[in-house]
Amino acid sequence: MSGSLNSRWVVQVSLTIINIIGFLVFLRGFFPSKVVLPGFNSFQDSTKSPFSDQYGNPQFNKFILMVVDAMRSDFCFSDRSNFSFLHQLINQGRALPFTAFSNPPTVTLPRLKGITTGGTPNFLDAILNVADDQDDSQGLHNQDSWVHQFRHSNNKTINFFGDDTWLKLFQDQFTEFEGTNSFFVSDFTEVDNNVTRHLDDQLSSNKWDGLILHYLGLDHIGHKGGPESPYMKPKQIEMDKILQRLYTYVTKNDDTLIVLMGDHGMNEIGNHGGSSPGETSAALSFISPKFNHKGESPLPYNSDYSYHHKISQIDLVPTLAALLNFPIPKNSLGVIAKEILEIWPENQRIKILLENCAQIMNLYEAKYGPSGKVWSQWENLQAKQHPIADYYEFLQDIQSEMASSATNYGYKDIYAGALILVITALAVIVVFNRYFLTASNMNISSVMFYELFVVLYSLHFHGSSLIEEEHQIWYFFTTATLLFLAITFFDTFKSLQNFISFGVLFACIRFMRSWNNSGQKYSSQYNIAYYLSHSNPNLMWGLIILTYFVLTLCIYIQGSLVPTFAFSFGKRLPDVKDPGGLISFIVVFVATSVSFSFKLLQYYIDGNTIPKWLNRFLLWIIESHHIDLSSATLEDNELKFQLQSVSIQLSKFTTIILLLLVISRVIIGKIRKIRYGTITDITNIMTIYLIHQTRHENIPIFLALMFAKFALSKLIYRKTNRIDQYILTVTMTVLCLQNLTFFCMGNTNSLATVDLSNAYNGVKAYNVFLVGLLTFVSNFAGPIFWSLSGLQLLYEPSLLNFNGPATTDLLHYTGLKKSILLVKSLISLFFYTVSAVNLVGSCINLRFHLFIWTVFSPKLLFFGSWILFVNVLIDLILAVIVLLF
């Protein structure tokens, strides 16, 4: 390890920072702010509206928009739906039902922009969707929308209650309003009650012309328990009863239109953000006693979620404009719903469609100019009257063409960012090869294998299906890497112990591979996690208890926690009567017990049935906090709030006690000069917290991870005499296991699989930084586990074998600590820089690809999380902090 260590660190850290800067510059160009036409629209004929009747009156003077977040089409229209009053209205012809296609990304902010402006979403909005409450960068105050048009066309008032995203978008547009935060997903009840409590006052007054209600509870239930949650049925019934209240008001005020809709749907696990049929199929109904279009409801359930007529969700915008008589917003790509057109007399329908055509052609002209085949078609439509079907065909063709080409890339930033990434990658390749091929005493075959592995992996970014099914690639590369190391480094076939250890490692990997559905193309219930959570919760909780038990033993036996706190000196495992050893055991036992209690209570609050043999323990947890269950049910809101409060306390206590345990271990270890075991103790204590932040059905996978780590430590034990070879082997293996575990825990490269169910553990109110951190930990628990385990395998492999500290452990080479971490970081940096170049290159090459927003763009965001949070924050910064102690 030649050369100045400090100068090498400066070079490597600089390359890491430059790589991140290049990636961020590229993202700024790839996700630019959307360019829209300025100003606000007016009717083509300024003297008369084409939407008003012969007396100049609109079809409706007032409206009530009821948005139920994540209301998938089947929740309203299928035979599994609990919207019985809505079904009655459809059968009577008073409701016109639609399945509305929601353009990805299917998260609230871009969808609200789409359904108010009629424009296609900007993928950047998926990131801004989690922006802080004080961030007003998403606002639409300078962009045309039906909210602006309705309010200003006839000096009308709109009141709003619900998701505060509306207040960020439309500042100063609402006369009366109250916002509720959309990200506190643990709350199913109060978040909706805060909307409904305004209804009596609003429906008894005439102080509004428009009333917008945005309910979040159904979405929160989906995030916590999925579409099959036991809370889903009562929530649908609650929403149906609210609709009934609104319709009762409308029967007495028949100039008021009700619009019931979902902003997007949800997938089979209750999340959204991607492009699956469940996520993009939202319910939409126009409701009024004026309608007389009899339908049939409910319809048989179908897995495509296609019910009644299918339209694009942005078609709501011109449809509302026509019904409420105001100009269609300037940037709308929506098409007036054909079924709604029947409310006007036949001689007026073509005028209405021509208004829609003229508005959308203004957009077309601004982009392409007044020429070409499309322009000729438009002139032909204006010249003479055509069948209504011709106008709709023309509008839908233009909508499709304009929506697919709505992106305005910032090419200067794209190419600048790509150039920075290429230069950085070339520099890292030179540094990597210069060190491993010249300055290091390495087996060249291992270096060449790693470089080939990185290049082959990074090439997969050029295929959309390979990105969607990346878990298959990592299963292959992990298997191939271990087989290569079995021959070149592990000495697998030279002893029975090594052969058994290798077999255990492979068995654990195969076990992990079967744990969850991974990937985006194929979904199946034939996996371990689904079996445990749906068919055998008794076994699941037995495995959860076993996981906590094994981890508690590892903390107590594996590292040096006990000797650190022991009153007697010099013994690795002091006498059982030693007060210090007893205290350390009690603290660890309390931490794991409280964490387990939290997970059990969380499972119960989410509406799941607790195994009978755990009922007494659950009852003890609840009654110890002075809550009486004898006369209450989980549907009781007051009880639910009390249980939620207990859950928050348990989670906070777990976090605090684990943090104090780590701090005490480090400080007392420093005072007593106990050098060995610090990394192992921190890793094991942190693993409790990772389990604490993991979904219930995924907790037992940590048993497989711990056994895999133990087997791997057996294979590399006492092989540290070839230090560089050892570092490359451990880093390469950990890199494979990090990524494989990420996918095996149910994650994919889709925003729809981002798990929010543990993002609010111990959190009483929404805090963007705290929730963001918890979201990262809960979704990247597997990679974080292997990051910390990698340090164990590098510096303290003997402790992993329960053998006590050995002189061969690299921890004892204090002068090499920084050098070892430097080499490890160089190996990781080589992987991330080469991968970044290929990913960025594929996005540039395929920027007009059909799946650019549904596959490649989410991958960019996930890759950004890997390089910034996993590689830099965990693998580098956290590693430096751990090694300092």
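From the backbone N, Cα and C atoms, a Cβ is placed for every residue, glycine too.
What Swiss-Prot lists as N-linked glycosylation site is Asn82, Asn155, Asn194, Asn443, Asn516. Summarising the annotation, Swiss-Prot assigns transmembrane segment to 413-433, 447-467, 473-493, 495-514, 539-559, 581-601, 648-668, 697-717, 726-746, 768-788, 820-840, 865-885.
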Field: Beyond the flanks of the transmembrane segment (413-433) by 6 or more, those residues with Cβ under 8 Å of it
entry: 11-12, 15, 18-19, 21-30, 32, 447, 826-827, 829-830, 833-834, 836-837, 840-841, 844
- prompt: What is the separation, in Å, between the Cα atoms of Asn82 (N-linked glycosylation site) and Asn516 (N-linked glycosylation site)?
  reply: 30
Cβ packing number for Asn194 (N-linked glycosylation site), 10 Å threshold: 17
- prompt: So what sits near Asn516 (N-linked glycosylation site) in its own chain, CB-to-CB under 8 Å and at least six residues off in sequence?
  reply: Asn527, Ile528, Ala529, Asn698, Cys744, Met745, Gly746
- prompt: Are there 3 or more C-beta pairs under 8 Å linking the transmembrane segment (697-717) with the transmembrane segment (539-559), counting only pairs at least 6 apart in sequence?
  reply: yes
Message: Using a 10 Å cut-off on CB atoms, tell me which of the glycosylation sites Asn82, Asn155, Asn443 is the least crowded.
response: Asn155
Task: Return yes if the transmembrane segment (726-746) and the transmembrane segment (648-668) have at least 3 CB pairs under 8 Å (sequence gap of 6 or more), otherwise no.
output: no
Task: Please report how many Å separate the Cα atom of Asn194 (N-linked glycosylation site) from that of Asn155 (N-linked glycosylation site), as a whole number.
output: 28
Statement: Here the Cα-Cα span from Asn155 (N-linked glycosylation site) to Asn443 (N-linked glycosylation site), rounded to a whole number of angstrom, reaches 79
Tertiary contacts of the transmembrane segment (447-467) (same chain, 6+ residues out, Cβ under 8 Å): 433, 436-437, 473, 477, 480-481, 484, 521, 728, 732, 749, 827, 830-831, 834-835, 837-839, 841-842, 845-846, 849, 851, 855-856, 859
DSSP-derived class (H/G/I helix, E/B strand, else coil) of Asn194 (N-linked glycosylation site): helix
Message: According to DSSP, collapsed to three classes, what secondary structure does Asn516 (N-linked glycosylation site) have?
response: coil
Task: Report, as numbers and ranges, which residues of the same chain sit near the transmembrane segment (473-493): CB under 8 Å and 6 or more residues beyond its ends.
output: 443, 445-446, 449, 453, 456-457, 460, 466, 499, 502, 505-506, 509, 513, 715-716, 719, 725, 729, 732-733, 736-737, 739-740, 743
